[in-house]
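Trainee: Got these off TrEMBL a minute ago, pasting:
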DOMAIN    18-73  domain 'Abnormal cell migration protein 18-like fibronectin type I'
DOMAIN    124-190  domain 'Abnormal cell migration protein 18-like fibronectin type I'
Amino acid sequence: MVTLVQGANPNAKCDGRSVGSRWQEKSFELECRPGGVRRLVSCVTEDGQRIPVNGSKEVSGFTLVCQQFGNGTVIFHGAKSMKPSNKAFGNGGFAANDPYRDRSATSGSSTTNNNNNWASQAVRCVDEKGFQRNVGEHWLENHRFNKTCRPNGAVEVVNCISKDGYKIPLNGQLISDNSKYSCEMTTQGTIRFAAGPIND
């Protein structure tokens, strides 16, 4: 009996890149490891700031997180940073009529107390680039996700958009031109868009 065993070549390149070299693909900084293995080093913001794998960083009022899971999935996401109020009172609590207590940093909305008459100000949402959006307004983020601003100030994904402009409903799929598209919300609350050939 003859047995052949193929081991990884420690000098194997990563798509033509030498072992030890680093490069950026879209929002990710990668490194070529021995054996031609690509390793994620960091997530990269639009302005070039790097967030280490499984780390976070404050950027322009947002907490950005670069998260890699055991199965290789990487999620690069952000949330509006919320600064705690310093208006503590004797017992360490907050005053019952503190106008800042119900402030929502994620939506950009606020409720104020004018002489104990609670008045709601205009609710707005903040998109990933820090722009304010009106309730009912729709916009496209990352070329693939159609989002809207809800009356409660929450930003919500309405559907996914394919490269060819097809709208795929959230938690649905579309088959067109021998391609299958899916748009789903995962159990972690992230939105996953996938496109590929129809499986026989």
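Quick reminder: no glycine exception, Cβ is built from N, Cα and C everywhere.
Note that TrEMBL annotation is computational and uncurated.
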Trainee: What is the three-state DSSP composition of the domain 'Abnormal cell migration protein 18-like fibronectin type I' (18-73), stated as helix, strand and coil residue counts?
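Mentor: Residue counts for the domain 'Abnormal cell migration protein 18-like fibronectin type I' (18-73) by secondary structure: 0 helix, 33 strand, 23 coil.
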Trainee: Averaging the per-residue pLDDT over the domain 'Abnormal cell migration protein 18-like fibronectin type I' (124-190), what integer do you get?
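Mentor: Summing pLDDT over the domain 'Abnormal cell migration protein 18-like fibronectin type I' (124-190) and dividing by its length gives 86.
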Trainee: What are the helix, strand and coil residue counts for the domain 'Abnormal cell migration protein 18-like fibronectin type I' (124-190) according to DSSP?
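Mentor: Tallied per class, the domain 'Abnormal cell migration protein 18-like fibronectin type I' (124-190) gives 0 helix, 37 strand, 30 coil.
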